[in-house]
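Notes for the one structure printed next.
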Amino acid sequence: MTSTPKPLVLIILDGFGHSDIPEHNAIFAANKPVYDRLCATQPHGLISGSGMDVGLPDGQMGNSEVGHMNLGAGRVVYQDFTRVTKAIRDGEFFENPVLTGAVDKAVGAGKAVHILGLLSDGGVHSHQDHLVAMAELAAQRGAEKIYLHAFLDGRDTPPRSAQSSIELLDATFAKLGKGRIASLIGRYYAMDRDNRWDRVSAAYNLIVDSAAEYTADTALAGLEAAYARDESDEFVKATRIGEAVKVEDGDAVIFMNFRADRARELSRAFVEPDFTEFARARLPKMAAYIGLTQYSAKIPAPAAFAPSSLNNVLGEYLAKNGKTQLRIAETEKYAHVTFFFSGGREEPFEGEERILIPSPKVATYDLQPEMSAPEVTDRIVEAIEQQRFDVIVVNYANGDMVGHTGVFEAAVKAVEALDTCVGRIVDALDKVGGEALITADHGNVEQMEDECTGQAHTAHTTEPVPFIYVGKRNVKVREGGVLADVAPTMLKLLGLEKPVEMTGTSILVDA
């Protein structure tokens, strides 16, 4: 007879880093009796979630996709950002057959190359250096008409920081002697991931038909006008730059974001023949629509950089060992706790169940800082009490999503809501003899103001993240841990040998 599972719960507090600086630190300011008690009574420490420790360039802040990939893989996963940057440096990028093939088709027919992407040095969804390289590639291969449709950031970068990025691309086009920025729009519209199709349609119509709320002679003038309307980068409304540019039949369209989750909705509008989420005024017969990476196996668009496969990630290895698992999150982070945590796999593993709790329908999450955390917690407590699962993996979105708003008071409320939820999980586990690991994927909410500019700090950080063991074992947290060490730690607690593919090592050692 098999023993009843007493679940091991991995609690991922998204965007919940650690900083010893109390100023503008929502975690420090929050009333969080549960978290404080756990830190005082349970084995705890800090682990790294940024830079080379997660497969990103040195000094690069972590993000949710990267964090969950590393958490689930049990090894450092070298990220698409790093792969693309290396290919540009090595020159391989300029010979990439998917990119060159798309450009050559357009050039051969005397047509245009349209480059879409987040124009930012944030490095979370894209990097401006990649957009520069794409413009250079198009020019090298003879494209005369090169148009950049720039999505502005202000979320993974300071809220009003797009000027330098626009100047970089303007200078690039001037140096090439061809090409220009054709449109501006905030990522709030172009990069939605919560089925707000009215936002996506504004971006689609701007790119395809140059349908804009505002026009400007230059991109910098368009940005200045948006700031005058009190629109920060993320929220810049559809702005046509210069003469109208449309996506015509035979043009090539290349989406230069390397992160998938916020590239899917707009891509679907471009490539799905039976798309019904909004009425497309026109669907051009493009020579090619390319994604820099694979945005989804279900989206029919070639990827310039195909996904690298990861074998024996935590979910797969649990399934092979007959263990049951539950993945749960609200909409904003559901892809992270499923697709990314599973190493880029869409389908559940055998014995894996998933629960999606809808995120609240508010314009920005400072308006509802608790988000759907109470509802997520209801379902977790229920699952713990049922004792059906060996492992439960939950993501709480609040620290990251409310942190991104830059509203300090709301961020404090988000942390306090999380504290209540964690307390409910710990109490439920105590009743059944379960255990938990509490950690985060990257920092955010611990720094809510930019100390240099005084602006709201809406981006992620490079701070370490907490790691707390909740249970009865006599263990301690070793130093030097990284996100890739979390899965091997879980396997050790479950009494399973880690697979050879997992190069991480347990963060917990005997006390």
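In case you wondered, yes, glycine gets a Cβ from its N, Cα and C as well.
Listed features, source Swiss-Prot:
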| type | residues | note |
| --- | --- | --- |
| BINDING | ASP14, SER64, ASP441, HIS442 | Mn(2+) 2 binding site |
| ACT_SITE | SER64 | active site, phosphoserine intermediate |
| BINDING | HIS125, ARG155, ASP156, ARG187, ARG193, ARG259, ALA260, ASP261, ARG262, LYS333 | substrate binding site |
| BINDING | ASP400, HIS404, HIS460 | Mn(2+) 1 binding site |
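Taking the features listed in Swiss-Prot, we show where each one sits on the structure.
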residue: ASP14; record: Mn(2+) 2 binding site; Cβ within 10 Å: 26
residue: SER64; record: Mn(2+) 2 binding site; Cβ within 10 Å: 28
residue: HIS125; record: substrate binding site; Cβ within 10 Å: 25
residue: ASP156; record: substrate binding site; Cβ within 10 Å: 22
residue: ALA260; record: substrate binding site; Cβ within 10 Å: 25
residue: ARG262; record: substrate binding site; Cβ within 10 Å: 22
residue: HIS404; record: Mn(2+) 1 binding site; Cβ within 10 Å: 24
residue: ASP441; record: Mn(2+) 2 binding site; Cβ within 10 Å: 34
residue: HIS442; record: Mn(2+) 2 binding site; Cβ within 10 Å: 29
residue: HIS460; record: Mn(2+) 1 binding site; Cβ within 10 Å: 31
Looking only at Cβ atoms, how many others are within 10 Å of the one on ARG193 (substrate binding site)? 17
A 10 Å Cα radius around HIS460 (Mn(2+) 1 binding site) captures, of the binding-site residues HIS125, ASP156, ARG193, exactly ASP156
Local backbone state of ASP400 (Mn(2+) 1 binding site), from DSSP in three classes: helix
Considering only the binding-site residues HIS125, ASP156, ARG262, which residue has the minimal Cα-Cα separation from HIS442 (Mn(2+) 2 binding site)? ASP156
So which binding-site residues are near HIS404 (Mn(2+) 1 binding site), with CA atoms within 10 Å, out of ASP14, SER64, ALA260? none
SER64 (Mn(2+) 2 binding site), DSSP three-state class -> helix
An 8 Å radius from the center of the ASP14, SER64, ASP441, HIS442 Cβ atoms defines the neighbourhood of the Mn(2+) 2 site; name the other residues of that chain inside it, in order. ILE12, GLY15, GLY49, GLY62, ASN63, GLY67, HIS68, LYS333, HIS336, ASN395, ASP400, ALA440, ASN444, HIS460
Cα-Cα, whole number of Å: ARG262 (substrate binding site) versus ASP441 (Mn(2+) 2 binding site)? 18
Whole-number Å value for how far ASP156 (substrate binding site) lies from ASP14 (Mn(2+) 2 binding site) (Cα to Cα): 14
Taking just the CA atoms, what is the gap between SER64 (Mn(2+) 2 binding site) and ARG193 (substrate binding site) in Å? 14
Among all protein chains shown, how many Cβ atoms are found within 10 Å of the Cβ of ASP400 (Mn(2+) 1 binding site), not counting that one? 28
